[in-house]
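Features as listed in TrEMBL:
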| type | residues | note |
| --- | --- | --- |
| DOMAIN | 541-645 | domain 'STAS' |
| TRANSMEM | 138-158 | transmembrane segment |
| TRANSMEM | 170-190 | transmembrane segment |
| TRANSMEM | 196-215 | transmembrane segment |
| TRANSMEM | 257-276 | transmembrane segment |
| TRANSMEM | 282-303 | transmembrane segment |
| TRANSMEM | 375-394 | transmembrane segment |
| TRANSMEM | 400-424 | transmembrane segment |
| TRANSMEM | 431-452 | transmembrane segment |
| TRANSMEM | 472-496 | transmembrane segment |
Amino acid sequence: MSSVPSMRVSEQEHFHLEDTSQIERSLWVLNPPNPPPLWNNLFSPLKKTVSFFSSKKQTCLGRVVSFLESLFPILTWFKNYKASKFKNDLLAGLTLASLSIPQSIGYANLAQLDPQYGLYTSVVPPLIYAVMGSSREIAIGPVAVVSLLLSSLVPKVVDPAVDPDAYRSVVFTVTLFAGIFQAAFGVFRLGFLVDFLSHAALVGFMAGAAIIIGLQQLKGLLGVTHFTNKTDVISVLESVYKSLHQQITSGEKWCPLNFVIGCSFLIFLLVARYVGRRNKKLFWLPAIAPLLSVLLSTLIVYLSKADKKGVNIIKHVKGGLNPSSVHKLQFQGQHVGQAAKIGLISAVIALTEAIAVGRSFASIKGYHLDGNKEMLAMGCMNIAGSLSSCYVATGSFSRTAVNFSAGCQTSISNIVMAVTVLLCLELFTRLLYYTPMAILASIILSALPGLIDINEACYIWKVDKYDFLACIGAFFGVLFVSVEIGLLVAVSISFAKILIQSIRPGIEILGRVPRTEAFCDVSQYPMATSTPGILVIRISSGSLCFANANFIRERILKWVTEEENELGKGRVHAVILDMSNLMNVDTSGILVLEELHKRLLSRGVQLAMVNPRWLVIYKLKVAHFVDKVGKKWVFLTVAEAVDACLSSKFPDP
């Protein structure tokens, strides 16, 4: 008999310990350290950038060395660079140059610049990136999408046919602004701005741009002389029709040899690309095919004197080192603002493509690519490029794939490629005089299939319909209006998606999963059971703010009413808000919580809160909302909150 009282005492001690531990855990929630002040969040990126200056663990010399190694990654890995790696990089660089030389000439033509400017862009930017970039595989130079962007936006400022010198000046100024923006993104760690152009939007944009670029090549492929500066598909097709019709009606002789040469070598390039993909050992074939096409077509035109029969040729290509373009940069006048705007658009597009390419190949090799360092490297190379007659350069997916397949080990392959292009500028530009324009068009056309990813578009459709809207919006915007409108549509749809998710956040009724202490969404887990008289609700939103607070309040009150009106369930005694996913709350959110608390109290329903995050509990305490609800109604876990509600005696309303 004496054991019974002792058992009761032990049970009381057990419950007392449970209550004590529960109170202690509630105090953990209620009394966290104060969150960092606002200016810490605003200036932390800049502090991280210059943190090496204030490091107490390093000497002054050590901090300088650390800074230089951070700024120039080549200083870190070059210490262990071996001859075997150089052999691979040499082969990769030469293979890369064989593809880069004809593509650079073609992309310069697409950007409405003389051929040598494409070659200049394959010299200075790759050299700068090789010492500052962190990607081992990425190949730097002019790319199709950026060339199209410049050819569609800059002619609205200066017509290249009327004043080619002024056009080049604006292009160099755009390149300078693009570099400044890119470097600023890296220094201030603003890489998240690039993320506003989502993956889905980029897929649609690239596909639309590829089709527009392809249609632009009809000028060279058909030997059309009069061509539109507009980029939308209707204007381009209309321009082709009018030009051909004008030539026929005016009695001008249209030369089909341009079309024959272009199509013949296009078929050769596509077959080489197909063979290279099917047989990995023949990776060099699609890489060397463009240069081989240029040499063969040039030889054919020279020997057959086809230029006198109507075949359009490149003619003079200026050779030599990159000339200085400092004197051509415009810092005053009416075009500076427009150049800065185009520079910003070019910077974002170039960064998005380069980082996407770099990260995809870095993941294959198993190393991390620092996005902020990449932005700084890209910015510095474009700033240097703008001073040396280059236009906006970035990472090319097709050339990077060739670089990777050729077995490159480090960014030395970019240096080898740049030196090879430089030798071409010094020694071989005269040989390009008879190169037909149609071959440049066929080289660009052969590179376009890699920009159209139908499988990825289908995948986006299956996974996320909102993302597919951004994808298709960018595609049709670029295709039927203009490049900038396509970008604007894509970004607008992405923002609309974020806005809809903010205004209509996820809010779920939770139930206890059998044989566990876990509380999950009853819609997702039908086996989860609700506790009679207690409504557990989770707010699955990053922020409770002016945009969504009223929606959340009305949804909670609606659920309380529905729960009470449902037969056999009885009155709701408590509403438990799981705030584990809630990262922030603003003044509108706090006011709505106060109103919700009053409305629930008037109905005799107690409000409890579970695990409010650091910033949320701080603001609720400052606003005295915790005092109004009662500190005893703040819990660490949902299970503790439910147990506390079950053990409480709630008064009738």
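Please read every residue number as a count from 1 along the shown chain.
Heads up, the Cβ atoms here are built off N, Cα and C, so glycines get one too.
Spatially, the transmembrane segment (472-496) is not adjacent to the transmembrane segment (375-394); fewer than three Cβ-Cβ distances between them are under 8 Å for residues at least 6 apart in sequence. Between the transmembrane segment (257-276) and the stretches 170-190, 375-394, 400-424, 431-452, Cβ pairs under 8 Å are most numerous for 431-452. Segment contact holds for the transmembrane segment (170-190) and the transmembrane segment (138-158), given three or more CB pairs below 8 angstroms at sequence separation of 6 or more. Beyond its flanks by at least six residues, the transmembrane segment (431-452) meets 102-103, 105-107, 109-110, 115, 144-145, 206-207, 209-211, 213-214, 217-221, 223, 258-259, 261-263, 265-266, 269-270, 273, 289-290, 293-294, 297-298, 301-302, 306-307, 311-317, 397-398, 401 of its own chain at Cβ-Cβ distances under 8 Å. The list of residues near the transmembrane segment (196-215) in space but at least 6 beyond its ends in sequence, with Cβ under 8 angstroms from a Cβ of it, reads 110, 144-145, 148, 231-233, 236-237, 240, 348-349, 352-353, 356, 444-445, 448-449, 451-453, 456-457, 460, 464, 467-468, 470-479, 483, 486-487, 490-491, 493-495. When the stretches 282-303, 375-394, 400-424 are ranked by Cβ pairs under 8 Å to the transmembrane segment (138-158), first place goes to 375-394. If one looks beyond the transmembrane segment (282-303) by at least 6 residues along the same chain, the residues whose Cβ comes under 8 Å of a Cβ in the stretch are 95-96, 98-99, 101-103, 105, 261, 265, 268-269, 272-273, 275-276, 311, 313, 402, 405-406, 431-432, 434-436, 438-439, 442-443, 446. When DSSP labels each residue, the domain 'STAS' (541-645) comes out as 58 helix, 16 strand, 31 coil, counted as helix, strand and coil in that order. In the predicted model, residues of the domain 'STAS' (541-645) average a pLDDT of 91.
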